[in-house]
Amino acid sequence: MANHSQLGFQDASSPIMEELIQFHDHALMVALAICSLVLYLLTLMLTEKLSSNTVNAQEIELVWTILPAMVLVTLALPSLRILYMMDEINEPSLTLKAIGHQWYWTYEYTDFKELTFDSYMVPTTDLPRGHFRLLEVDHRVIVPTESTIRVIVTADDVLHSWAVPSLGVKTDAIPGRLNQTSFLATRPGVYYGQCSEICGANHSFMPIVVESVPLANFEHWSSLLPS
């Protein structure tokens, strides 16, 4: 999860988030190169006397037309690749349905019979020692590690958004519509998120907690739940 004075992304815990961070760094390097070139040209124009032939040269017109097009290509190709990877869902191991309410989440494990529960934020007065205020919930989403999880997202009342930054997941929950996304947690851990849509007065009080556990632990957890 994020910490105080953090300037970068959270540590990636899924392949998609790793790709997003790499693309972010790639885009920053392209922006740095553009800013350096523009600063150099501005300095040159202020310090050197350019002739009319240099200012009106067709070669310069050609360069500053082709160069931006090449920059756009270097940004568009990796971006399209990541968008395709985020949209592609191949044979998920588990399907989870997340339903947004004012102001809590309901989760349904559609591969299990009647495995559903509500997830509310734990009030500060009831928060166990060492847990995170405004981020902990009474029922976490338990998923197996190294397994593709398909998440079907919708809402019961107003717009919500199911988002877990370290997993690279952010999908709008729209009443009357089913959106889907997927993630794969590469290691066991607890991942925190929040509703990322301004959905009302308690918008900031409907956190999301995903706990990734080994497959054997997940099977044991699901067997203990009442059917």
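We number each residue from 1, going along the chain as drawn.
Positions of Cβ are set from backbone N, Cα and C atoms, glycine also.
When DSSP labels each residue, the domain 'Cytochrome oxidase subunit II transmembrane region profile' (1-90) comes out as 67 helix, 0 strand, 23 coil, counted as helix, strand and coil in that order. Here TrEMBL flags 1-90 as domain 'Cytochrome oxidase subunit II transmembrane region profile'.
For 91-224, the entry in TrEMBL reads domain 'Cytochrome oxidase subunit II copper A binding'.
Listed by sequence, the residues of this chain that lie at least six past the ends of the transmembrane segment (27-46) yet keep a Cβ under 8 A from its Cβ atoms are 71, 74-75. The transmembrane segment annotation in TrEMBL covers 27-46 (among others).
The feature transmembrane segment is assigned by TrEMBL to 66-84 (among others).
When Cβ-Cβ distances below 8 Å are used as the criterion, the transmembrane segment (66-84) is approached by residues 16, 19-20, 23, 26-27, 30, 34 of the same chain, each at least six residues removed from its ends. Taken together, the residues of the domain 'Cytochrome oxidase subunit II copper A binding' (91-224) have an average pLDDT of 92.
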